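Peer 1: My structure is below; once you've seen it, I'll send some questions.
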Amino acid sequence: MWAGRVLHAALSRAPRESRAQSALAQLRGILEEELESIRGAGTWKSERVITSRQGPHIHVDGAPGGIINFCANNYLGLSSHPEVIQAGLRTLKEFGAGLSSVRFICGTQSIHKDLEAKIARFHQREDAILYPSCFDANTGLFEALLTSEDAVLSDELNHASIIDGIRLCKAHKYRYRHLDMADLEAKLQEAQKHRLRLVATDGAFSMDGDIAPLQEICRLASQYGALVFVDESHATGFLGATGRGTDELLGVMDQVTIINSTLGKALGGASGGYTTGPGALVSLLRQRARPYLFSNSLPPAAVGCASKALDLLMESNAIVQSMAAKTLRFRSQMEAAGFTISGANHPICPVMLGDARLALNIADDMLKRGIFVIGFSYPVVPKGKARIRVQISAVHSEEDIDRCVEAFVEVGRLHGALP
């Protein structure tokens, strides 16, 4: 009888195991097919391994010798600034590696509140709220703020995190053509029937280096009773006279309602994001923003690094001026050599090449010459608009800039991108 039960159990288990194995095999087949389609489309993203700290000069696994890095968001060079590193170490030692908690349980330390207050002062806003990343700040904002009675109007080339955040909310969604103020006005007219109208835009767009026309956006928002939201991830710390961002650059700091930005680019490059704006909005986000409520607090070391980075910025704008001068040096030399550089005078300098294979080949040959840049093609950018995105840092030397231009000219001629 015992043997019969064992046999019955074994027989009943066999079909279940077979079905499980069949489901796993099906999953593997689906995944391999999807991965192969990515490879076939030429959009596979490989990850080069850096074996040194981040900075203008790095070591890359598989590349001989030192490499000059021109593809980091390290606009001010603060990720390796000795005072920023020391601040992170001090905070780590005093406040520990992490909080093991969300903010509203036992995850708020004095350093979190101090940094939020410092961010609000920096942007001249009432209050600020920290998130693990700006992606979280963007996915948390719209759902918490907007209801089905409201409308959000978004630039078509906004960052993926803004797009995802808008998808999560119940507001009516309008998309206007990139930087097209006539189209935005038409959409604002159409959205007049809604309770709140929020215009959402990047301050500086990461693929093209162009800047949102905030003066015109704010004028239209005022005319049609709308609020203005700006993501300043590629502007905070270095655009504007004191690095406050595109709203300072364009003289509309008092007209932009909400700013989201990051601590993971110019402000030390560790991690973290934030929303800053009206105090009542920040209070609402603390109660309703899901990425804030259900994510661990920002680690103390990251808080310490970002706080010191802001101190350095508020003490002097010398590094901001240095980055601007080096950006101008690169752009002017590249244009004089015959390259087309997209965007305004922004440290994101897209070298427009058009052909995806050409962009990939030039980037590979640049690395062989000790210059680390990345090529971008469809679907990251439109078809026929492939480019190499060069990013300038305040800690690049003039010699670094000149060497990069020389390599571009040499490789460009080799591949027929220059005569």
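Counting starts with 1 at the first residue shown.
Each residue, glycine too, has its Cβ placed from N, Cα and C.
Values in this document were obtained by computation on a predicted structure and should not be read as measured data.
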Peer 1: Given that Swiss-Prot assigns Cys134, Phe135, Asp231, Glu232, Ser233, His234, Thr262, Leu263, Gly264, Lys265, Ser295, Asn296 to the pyridoxal 5'-phosphate site, pick the one from Ser110, Ser206, Ser316, Ser322 that the record assigns to that site as well.
Peer 2: Ser206
Peer 1: Can you name the residues of this chain that are 6 or more positions from Lys265 (pyridoxal 5'-phosphate binding site) yet have a C-beta less than 8 Å from its C-beta?
Peer 2: Asn73, Asn74, Tyr75, Ser233, His234, Thr236, Gly237
Peer 1: For Lys368 (N6-succinyllysine), identify the closest of the recorded positions Lys187, Glu232, Arg389, judging by Cα separation.
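Peer 2: Its closest listed neighbour, by Cα, is Arg389.
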Peer 1: If you count Cβ atoms within 10 Å of each one, which of the binding-site residues Ser206, Asn296 comes out on top?
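Peer 2: Ranked by Cβ atoms within 10 Å, first place goes to Ser206.
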Peer 1: About how far apart, in whole Å, are the alpha carbons (Cα) of Lys45 (N6-succinyllysine) and Arg389 (substrate binding site)?
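Peer 2: Counting only the Cα atoms, the answer is 15 Å.
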Peer 1: Highest Cβ count within 10 Å among the recorded positions Lys45, Lys187, His234, Lys326: which residue is it?
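Peer 2: Selected residue: His234.
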Peer 1: Looking at the binding-site residues Cys134, Ser206, Leu263, whose Cα is closest in space to that of Lys326 (N6-succinyllysine)?
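Peer 2: If we rank Cys134, Ser206, Leu263 by Cα distance to Lys326 (N6-succinyllysine), first place goes to Ser206.
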